[in-house]
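Some notes on the structure that comes next.
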Amino acid sequence: MKYTATFALLILAIGIQTQRRSTICRCRQEDACWPTTAEWSSLNQSIDGKLRHLRPVGLPCQQSAYHKEKCDEVLAMTHNSSWRVDHPESLQLVSWESWPEKNQSCQIVREAVDGCAQGRIPLYSAAVESTKQVQQAVSFAKHRNLRLVVRNTGHDMAGRSSAPGSLQILTSGLKGINYTENFVPFITQGSAEPMGPAVTIGAGILTGELYATGSEKGFVVLGGACSTVGIAGGFIQSGGMGILSPSKGLGSDHVLQVEIVTADGSHIIANQYQNEDLFWAVRGGGGGTFGVITSVTLRAFADLPATVTGIQINTPSADAIFWAGVKTVLSILPELTDAGNSARMIVLPASSTGGASASFEGYTFNKKGAVSLLALQRALDDFGIPFKLSHDFQGNLSRFLAAPKGVDLAGISVIPGSVFLSYDLVASKDGPAKVTSALSDLRLGPGSSFSVDAFGGGQVVNNKNRINSAVHPDWRSALLSLTVGRGVPPGYTLETLKSIESELENDQLPRLRSLEGGRKGAYLAVAYPNEVYFQDSFWGKNYDRLLKVKRAWDPEDLFITRVGVGSERWDDEGMCTRADSGLWHALARF
């Protein structure tokens, strides 16, 4: 882009003026602007007594505040995802409850003596159960300049559901499931075309709850594998991949309408007929960024049978035989997804006992898929790779998906990082070998793993010219979403955390990106939370348009998240603007 001399001088002038401005901060608890007790009481009254003062979930186990019965419950349930959904003072990844930069944490250890600090846990939670209550909470935060976060089930892996000194809007209480045979979008003038079977859900409906209803009524939706994820929250706002993606597309491809409370407290309906810019943005533009979604209408499909094939590879170490098994699995994924089938493989190259394991699960809906998996079994046999095989025929896919799968991990500390791998790479002659070589070079130790999700290709790619949404364009050429999960040891120090982050950011993720010559897109739901070039990694060429939508609907950044749209203007916790934010704000207008 070429700038005129006049424009260059204008930019320089703006920059000089910016340096003279003070940093803008949200109101903090120690500030005079912090709401009084009476004002918090007024908010509580306006939302029908749903305001909660939050303290860390581990507090009852601290020596200074020890409560045996409550501590017993915390210790027994800390790894239970459903329990954490119901406790707004907790998150699924406990690493986001702590604030290591300030040495603030609250260990879940009986009679802990190291103290218990608030960390990143919000100070208050508005446990809303209606749109009106959401509006009241949003308006309260806006008019008092509070740091606001949106939490549904607490699954967010990049820390977007928590922030120090904040007010939380808890949406898990927004329930309701309404199935219709022929959904008609809302329109203010004229008439809209019916769109076929659909289901409208409250933001707090869990994936497992929706699958269970689908099992009863004979429909299935495109959701994820974790039964405790709020499907209307971060799932669809991150794009949403699932086992039906190769045959149907992404979850966000099938969002027909959303209801959302925006930064000015308005209740908005967005679909293809009205508020189209907002409708485009929330389908892949990131959760907690454009407002509080209160309900979503999803396209529903007829329920169907499926066969789940499990292949377990265990070896004493991650030796040549083990990696040959991984390569063999990778080689069949293109043809598997071509036919609308899918698969996931979770790999632990090293365990505490020294063994290595690869757990493969294939989801087939047709004869072609069965043939592909039979070929995989024969190839493993031919290479002398030991494995255990299981088959599970499911006459009702929704019923199978409704049951917990053991993937709802909770009460753990993990730093994720992900990258898309294209169909062309994996389907090429040397592709599986190149990918396997890169994976074996990651040098993952005990407590760390990677997952290979073959949820791209097929209809995800075919929807490139059919669906106009904010998801990263690389989705439309991707076959795999590859996610590295680095385990963080209990009681970790800031130094340990930074060391793990450095390895992931400067070595492991670059190795994977180098497979295709540089930066590739990443799945927003499991992406690296400190991504420097997050704009490109999460949204690519869509970012500029997303930023314009953000400026139009939330010009003061009431809704801001870590590595979210517009977050480059703010510090990591979204509490204060950066020194150069005035220049950034000015440039955003051009």
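Our numbering is plain: 1 for the first residue shown, then up by one each step along the chain.
A Cβ is built for glycine as well, from the same backbone N, Cα and C atoms used for every other residue.
Among the features that Swiss-Prot reports, domain 'FAD-binding PCMH-type' is placed at 117-303.
Under DSSP, Asn44 (N-linked glycosylation site) is assigned to a helix (H, G or I) in the three-state scheme. What Swiss-Prot lists as N-linked glycosylation site is Asn44 (among others).
Here Swiss-Prot flags Asn80 (among others) as N-linked glycosylation site. Cβ neighbour count for Asn80 (N-linked glycosylation site): 14 (other Cβ atoms within 10 Å of its Cβ, all protein chains included).
Within 10 Å of the C-beta of Asn103 (N-linked glycosylation site) we count 12 further C-beta atoms, all protein chains included. DSSP assigns Asn103 (N-linked glycosylation site) to coil in the three-state reduction, placing it in neither a helix nor a strand. The N-linked glycosylation site feature in Swiss-Prot is assigned to Asn103 (among others).
All chains included, 13 other C-beta atoms sit within 10 angstroms of the C-beta of Asn178 (N-linked glycosylation site). According to Swiss-Prot, the feature N-linked glycosylation site maps to Asn178 (among others).
Classification of Asn396 (N-linked glycosylation site) by DSSP places it in coil, neither helical nor stranded. Per Swiss-Prot, N-linked glycosylation site is recorded for Asn396 (among others).
Sequence annotations record features per position, and here Swiss-Prot assigns signal peptide to 1-18.
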May I ask for the distance between Asn44 (N-linked glycosylation site) and Asn80 (N-linked glycosylation site), taken between their Cα atoms and rounded to an integer number of Å?
29
Which of the glycosylation sites Asn80, Asn178, Asn396 has its Cα nearest to the Cα of Asn103 (N-linked glycosylation site)?
Asn80
Do any residues at least six apart in sequence from Asn396 (N-linked glycosylation site), in the same chain, have a Cβ closer than 8 Å to its Cβ, and if so which, in order?
Ser215, Asp303, Pro305
How many neighbouring Cβ atoms, not counting its own, are there within 10 Å of the Cβ of Asn44 (N-linked glycosylation site)?
16
How big is the gap, in Å, between the Cα of Asn178 (N-linked glycosylation site) and that of Asn80 (N-linked glycosylation site), rounded to a whole number?
28
Considering every residue in the domain 'FAD-binding PCMH-type' (117-303), what is the mean pLDDT value?
97
